[in-house]
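Read the structure below first, then the notes.
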Amino acid sequence: MATPLLLVVNAILIMAITACGGGGGNGGIQLIMVNNCGESVWPGLLGTAGHPTPQSGGFHLGAGEEAALEVPAGWSGRVWPRRGCSFDSRGRGSCATGDCGGVLRCNGAAGATPATVVEMTLGTSASAMHFYDVSLVDGFNAPVSMAAVGGGVGCGTAACGADVNVCCPSALEVRDREGRVAGCRSACRAMGGDRYCCTGDYASPSACRPTIFSHLFKAICPRAYSYAYDDATSLNRCHAKRYLITFCPPQPS
């Protein structure tokens with residue numbers, strides 16, 4: 001987790017970017033990614049619904065580092081943390097969680113589950129509202145949050161700030177080579193079936209209700225999607241030019 005000094009440095013960086021008007025030009029939206037984890041994270045990125053994938057789909061973000069990128073207005077996509085990665089000079093390797101085919105730059109490939117996912121559909125000049133959330137529908141592998149920089153109109157924070165791995169049921173655990181819990185699968189990913197995945201006869205909000213596992217995820221991370229139809233308390237709406245995505249966000253004291 002972050003040290004007090006690191007949090008101060010991050011705050012100064014964000015204020016400087018905001019004051020100087022960096023990013024968000026030409027109608028684009030700036031995404032600032034901050035790694036407050038005590039180890040490296042390799043963010044994975046994927047444009048959805050035909051939208052481009054920025055940064056060729058992935059990059060390395062060391063402990064305490066920040067990166068800023070711009071996506072166009074109307075962009076739709078997802079961001080997720082990859083952890084426990086090792087890549088050679090050609091960008092080939094693997095990650096313990098969130099892997100996208102054994103490459104550094106995912107280039108249009110989605111991440112393997114379990115992974116905590118930030119999802120967003122950004123507005124345009126014709127429809128300015130942005131929608132975003134943090135989802136555990138694909139499971140959990142790291143705490144993540146997304147919030148507008150400097151606030152905004154009707155903005156909230158999407159987050160799963162707790163370490164779900166600590167209390168992951170054994171049936172959902174994914175362990176690394178050292179035997180440590182590296183991720184927590186969703187019930188859909190672990191057990192399958194229409195009831196857990198909200199598919200087939202359960203493919204509607206009225207038919208697909210939260211399971212005991214969804215209730216557990218929601219109790220730990222009340223501001224994140226715990227299952228497919230968890231919109232009421234998980235989907236955020238905002239109109240801002242810059243957003244901060246934080247891996248391992250600081251916990252309230």
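In case you wondered, yes, glycine gets a Cβ from its N, Cα and C as well.
Other Cβ atoms within 10 Å of the Cβ of Cys37 (disulfide bond), summed over all protein chains shown, number 21. If you look up Swiss-Prot, you'll see Cys37-Cys248 (among others) marked as disulfide bond, on the strength of sequence analysis.
The disulfide bond feature in Swiss-Prot is assigned to Cys85-Cys95 (among others); the stated evidence is sequence analysis. Other C-beta atoms found within 10 angstroms of the C-beta of Cys95 (disulfide bond) number 26, with every protein chain shown included.
Look at Cys106 (disulfide bond): DSSP puts it in coil. Within 10 Å of the C-beta of Cys106 (disulfide bond) there are 25 other C-beta atoms, taking all protein chains into account. The disulfide bond annotation in Swiss-Prot covers Cys100-Cys106 (among others) and is backed by sequence analysis.
Sequence annotations record features per position, and here Swiss-Prot assigns disulfide bond to Cys155-Cys238 (among others) based on sequence analysis. According to its DSSP assignment, Cys238 (disulfide bond) is in a strand. Close to Cys238 (disulfide bond) in the fold, though at least 6 residues off in sequence, lie Met129, His130, Tyr132, Ala148, Gly152, Val153, Gly154, Cys155, Gly156, each with a CB less than 8 Å from its CB.
Look at Swiss-Prot and you will find Cys160-Cys221 (among others) tagged as disulfide bond. In the three-state DSSP scheme, Cys160 (disulfide bond) falls into the strand class.
Residues annotated as disulfide bond in Swiss-Prot: Cys168-Cys184 (among others). Sequence-distant neighbours of Cys184 (disulfide bond) (same chain, six or more apart, CB under 8 Å from its CB) are Pro114, Gly139, Phe140, Asn141, Val164, Asn165, Cys168, Pro169, Leu172, Glu173, Val174, listed in sequence order.
The disulfide bond feature in Swiss-Prot is assigned to Cys188-Cys197 (among others); the stated evidence is sequence analysis. For Cys188 (disulfide bond), the same-chain residues lying six or more positions away in sequence with a CB closer than 8 A to its CB are Val137, Tyr196, Cys197, Cys198, Tyr227.
If you look up Swiss-Prot, you'll see Cys198-Cys208 (among others) marked as disulfide bond. In the three-state DSSP scheme, Cys208 (disulfide bond) falls into the coil class. Packing around Cys208 (disulfide bond) is summarised by its Cβ count: 21 other Cβ atoms lie within 10 angstroms of its Cβ, all protein chains included.
Per Swiss-Prot, signal peptide is recorded for 1-19.
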Measuring Cα to Cα, how far is Cys160 (disulfide bond) from Cys208 (disulfide bond) in Å?
22
Within 10 angstroms of the C-beta of Cys197 (disulfide bond), what count of other C-beta atoms is obtained when all protein chains are considered?
19
Starting from the Cβ of Cys198 (disulfide bond), draw a 10 Å sphere and report how many other Cβ atoms land inside it.
18
10 Å Cβ neighbour count around Cys155 (disulfide bond)?
19
